[in-house]
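**Q** For reference, the structure I am asking about is given below.
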C-alpha cells in the first residue's frame, strides 16, 4: 500500500528534479527543430531556397521530402546559394539563467550570452548550427515548423511570438503550490516542535545547499565574488534574517492565515520608511494603504488564535523585509549584472551565518528534549524528518519560483499574482488546519488584501510615470 508520506516524498522529488533540470521553452524548441531535421534527413547542403518579394509563402512538410527537393533542384537552371537553416523567434526574452554556458556530451560549449538579443547557437548532429535569435532577419526559410509566419511589407518573414500563457501558468502554478506546501508543513512542524529558530535556520541551510548544487553543476551561473559584493550584501542579508525569523516566530504562535493577513500590511511600512528617506508618493498610494490598515485591524480584533507574540512577529517581519528591499536598492546598484536568483542565493547563505549561532544560543539547550517530545507526539521519526525537510526545501523553491516569475512578467502582473497567492495560501491553510474563522475576521482579511491590490495598481502607475519622465 502507498501511504501519504510516500506520495509526499514522490511529489517533493518530482519538483526537485523539475527545478534542477530547469528546462526552458526556448531550449525545447531548439531540440524539437534538431529532431525534425534528423527525421526528415534535411541536410543544410541541400539548396532549399525561395525568394520573397512582399508576399507570404507557406511551406508544407511535403516540400522537405528529399525526392521533391532533388526534383525541384533539377528543374532550376540558375544556382542559388543555399541559406543556413536557422530558426528565429522575434521579441522572445531570453531568461537570465539561459545566458550561462552549456556543454554537450563532447564537452563543447553550446552557447553563452549575457545579451537578451544575442544569437545562441546549438550544434546539431550534422555539425551545423541551429540557433535562436531575438532579432528578426530577412529571407529566412521556416522548415518543418508549426509556428505561424507573418510577412511584412519589406519581404521579411518573422515567426510570431509564441504563446506564453502555458509557460506562465506553469510558473504561477508551481509558485502557488510550493508556497502552500511550505506553509502547511512549516506549521505542522511548529505544532509539535515549537522551535522556530531551529526551523528557520534549517530552511536557510536547505536554500544555501540548493544554490551550491546549482552552481556546482553549472545549472545556474555563479556570480563573481568580490569583497565589495560581500560587504554590500551584509545589510540586506541582516534584514532578511530578521524578516524570516520573525515570520517563523509568528507562525509558531498564531494561525497561518492570521500571519499572512498581517504580512499583507507590508506596503504600509514600505511607504512610511521610503517617505522618511525622501521618496514622494501620489495621493492614490496613500489612499490605498487605508483599507490595508483597517482590514488588518479588524482581522486582528476578531482573530480566534490572537497572540501578541504572533502579531509582533508578523509586524517585525514586515519591517525586516521592507528594510531589506530598501537597503538592497541603495547598496547593490553597482552589481546589476547579478540576477535575482543568484542575489537571493547569496543573501540566504549570509543569513544562515547570521541566524544559526543566535539560534543555538536562544534554543540550543532545548532542541534534544523537544525532538524526543515531537517523536512521541507524532509516533514515527521518519514522518517528522519528512515534514522538516519539506518545509526547508519548499521554502527555497517557492522563493526561487517567485524570482523566475518576476523575470518573465511585468512587476504589475507579479504584484497582482503575489496578492492572489496570499489569498490562495490563506484559504488553503484554513481548509487544511480547519481554523475557525469568524465572519468579521474574514471581512477584515478581504479588505486588507483588497487594499494590497489597490496599492500594487497605484505603485505600477507611479513606476510607469517615473520611467516616462526619465526617458523624456
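Just so it is clear, glycine is given a Cβ too, placed from its N, Cα and C backbone atoms.
According to TrEMBL, the protein has these features:
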{"type": "TRANSMEM", "residues": "12-33", "note": "transmembrane segment"}
{"type": "TRANSMEM", "residues": "166-185", "note": "transmembrane segment"}
{"type": "DOMAIN", "residues": "166-456", "note": "domain 'Sugar phosphate transporter'"}
{"type": "TRANSMEM", "residues": "197-217", "note": "transmembrane segment"}
{"type": "TRANSMEM", "residues": "229-252", "note": "transmembrane segment"}
{"type": "TRANSMEM", "residues": "308-327", "note": "transmembrane segment"}
{"type": "TRANSMEM", "residues": "343-362", "note": "transmembrane segment"}
{"type": "TRANSMEM", "residues": "382-398", "note": "transmembrane segment"}
**Q** Spell out yes or no: are there three or more C-beta pairs under 8 angstroms between the transmembrane segment (197-217) and the transmembrane segment (229-252), with each pair 6 or more apart in sequence?
**A** yes
**Q** Kindly say whether the transmembrane segment (166-185) and the transmembrane segment (343-362) touch, using the definition of 3 or more Cβ pairs under 8 Å where each pair is 6 or more positions apart.
**A** no
**Q** Honestly, do the transmembrane segment (229-252) and the transmembrane segment (382-398) touch, with at least three Cβ pairs under 8 Å and pairs 6 or more apart in sequence?
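**A** As far as Cβ distances go (cut-off 8 Å, pairs 6 or more apart), the transmembrane segment (229-252) and the transmembrane segment (382-398) do not touch.
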**Q** Do you know the mean pLDDT across the domain 'Sugar phosphate transporter' (166-456)?
**A** 91
